[in-house]
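According to TrEMBL:
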type: TRANSMEM; residues: 40-61; note: transmembrane segment
type: TRANSMEM; residues: 81-101; note: transmembrane segment
type: TRANSMEM; residues: 113-134; note: transmembrane segment
type: TRANSMEM; residues: 146-166; note: transmembrane segment
type: TRANSMEM; residues: 186-203; note: transmembrane segment
type: TRANSMEM; residues: 215-235; note: transmembrane segment
type: TRANSMEM; residues: 271-290; note: transmembrane segment
type: TRANSMEM; residues: 302-320; note: transmembrane segment
type: TRANSMEM; residues: 332-353; note: transmembrane segment
Amino acid sequence: MKKSGKISTVQLSLIVITAVGLKNHVTILPHLLPSAKRDGWISVLLALGLILIWCLLLFYIHKSTGQSNIFVWVETNIGMASGKILSIATSIFFASLAAVSLKEMIVWTKVSYLPITPPILEIILFTGLCFFLASTNIQTIVITNTFVLTAVIVFGIFVAIANIQFKDFSLLKPIMENGWSPVVSGMIYPLSGLIELIVILFMQQKVHGQLKFKVFTLNAIILTWLILGPLIGSITEFGPLEASRQKYPAFEQWGLVTLGRFIEHLDFLSIYQWLTGAFIRVSFFLFLSLEVLSIKKKRSKTILLLAYSILLIVANAYSFSDVILYHIIGEFVMPFTFWFFLAVSILLSIFVFSSNRRKRRPTSDVQENQKATVQAEK
């Protein structure tokens, strides 16, 4: 592996938009719509409000730890054991998220356009590509992401504009027809996507200069829009009931797209969107699973990355129905993702607070001693 360099805040934001945005744009909707239905957009906005408050916590941690690797900082200022346990748990969790994203992509591929292709071939090929990208450095990953994201954005704007003729915004009413219960129950899904903004904190040592608070807030707003766009589109194009029945609402909208009278079936463009999003997400999370461990030796990094890649292949080789996967993601993966990253951020803030308090205490003791000396001299 080459020695990784620094990236700009814009490049970091772009990779967050792709890696985290895939989950917000695709994975969240089939769980949010059945839960909150037409009021799902209210759940998303409320989730944004909570995340913006949480971003203050992230910014506090960042300001107190500077540009150092957050887990190295914990090892240095709190204790080696605490830092190692936290970094290992986070590393395993990122590898698990990569495995879930890979499984979801493989299942969608089989259902939509490669029904008779052996999934194991797709798994090995895709994991191999992700392994090679993750084994480079963060600069290579962000450059690759910049190229693929450009087309993804263009296609996203295109499908939104092309389907304006089919949108009926009156379907968003009545608002809160069933009270607060569906809105509150649906909040866990956008929260599980938005809380992945914590990756910015885990990448702070790779960024030029200090991160400003607006980096956290702007990314939160953009990721929220990536949920709201396809969510409102699905409700206004298909109605809340039909949208809640769809397995992949964001991509069902491509079926409506036409160019004039003679050009139809442009939904093949959605294949590019999902594949590139999954490619960047899995590769970036594999890279992060190594980055949080602060491994210095090239050989050790390669061995661990290879081990994680093999585990991804083995974990995804077992075949089960998309219905089971749907329930696993909705009932376990998303809620656990939210609570895990929330717990990590709170734990880090406690570490930072205690460290800052210890640093201030010697200073105050010195000042008290100086005052006592002055009084004694008088």
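Yeah, the Cβs are placed from backbone N, Cα and C, and that goes for glycine too.
These figures come from a predicted structure and were not determined experimentally.
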Does the transmembrane segment (81-101) reach the transmembrane segment (302-320) with at least 3 CB pairs under 8 A, where each pair is 6 or more residues apart?
yes
Are there three or more C-beta pairs under 8 angstroms joining the transmembrane segment (186-203) and the transmembrane segment (215-235), sequence spacing 6 or more?
yes
